[in-house]
Amino acid sequence: MVKNIEFPKCVVFDLDYTLWPLWIDTHVTAPFKPSKNDPGVLIDKYGTEICFYSDITGILQELRNQKVTLCVASRTCAPKYAKQALNLMKVPIDGSLKPAIEFFTYVKAWPGSKMDHFKEIHNESGIDYREMVFFDDESRNREVERLGVTFLEKIKKNSLNILSFLKNHMHG
């Protein structure tokens, strides 16, 4: 458990190269099926694995424990497959294996500006933009800062390191 951090009300994640190491619309091909060895791993039509980066499930659980609203904002051209992967991937949530999508209160996935994703999240949740933190691997999505969202570009290849960010950027 993380202490002495004031967590934001809402943390929003991109999917591709932020939560998992691929583009769901170009690097894998449906149908997806769960791996026989690990319920947190999916296998596509050609045997390519789909899974979260190793630290993601723990980060999502810690944020959930802190009562942070978790969301997805993805400009994928394959929203159906993104949601399908999140539904099929089983990860530990509150002590039992559940679909990964259950971590997220709002999943906004369609091609277009992240500004539109955030406007929908704001309108549906009532959470002020200034209470949102957004993790994404593409600097062009920094545009959401104009709304008041705190943007963090994910630079490290294998780790999100959100907890270090929160320790350094949030009051507590």
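The chain as shown is numbered from 1 upward.
In case you wondered, yes, glycine gets a Cβ from its N, Cα and C as well.
As given in Swiss-Prot:
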BINDING   D14, D16, D137  Mg(2+) binding site
ACT_SITE  D14  active site, nucleophile
ACT_SITE  D16  active site, proton donor
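Taking a C-beta cut-off of under 8 Å and a sequence gap of six or more, D14 (Mg(2+) binding site) has these contacts in its own chain: V72, A73, S74, F134, F135, D136, D137, E138, N141, K154.
In the three-state DSSP scheme, D137 (Mg(2+) binding site) falls into the coil class.
Within the group of binding-site residues (D16, D137), the Cβ with the highest number of other Cβ atoms inside 10 Å belongs to D16. Other residues of the same chain near the Mg(2+) site, with their Cβ within 8 Å of the Cβ centroid of D14, D16, D137, are L15, Y17, T18, L19, S74, D136, E138, K154. According to DSSP, D16 (Mg(2+) binding site) is assigned to a strand segment.
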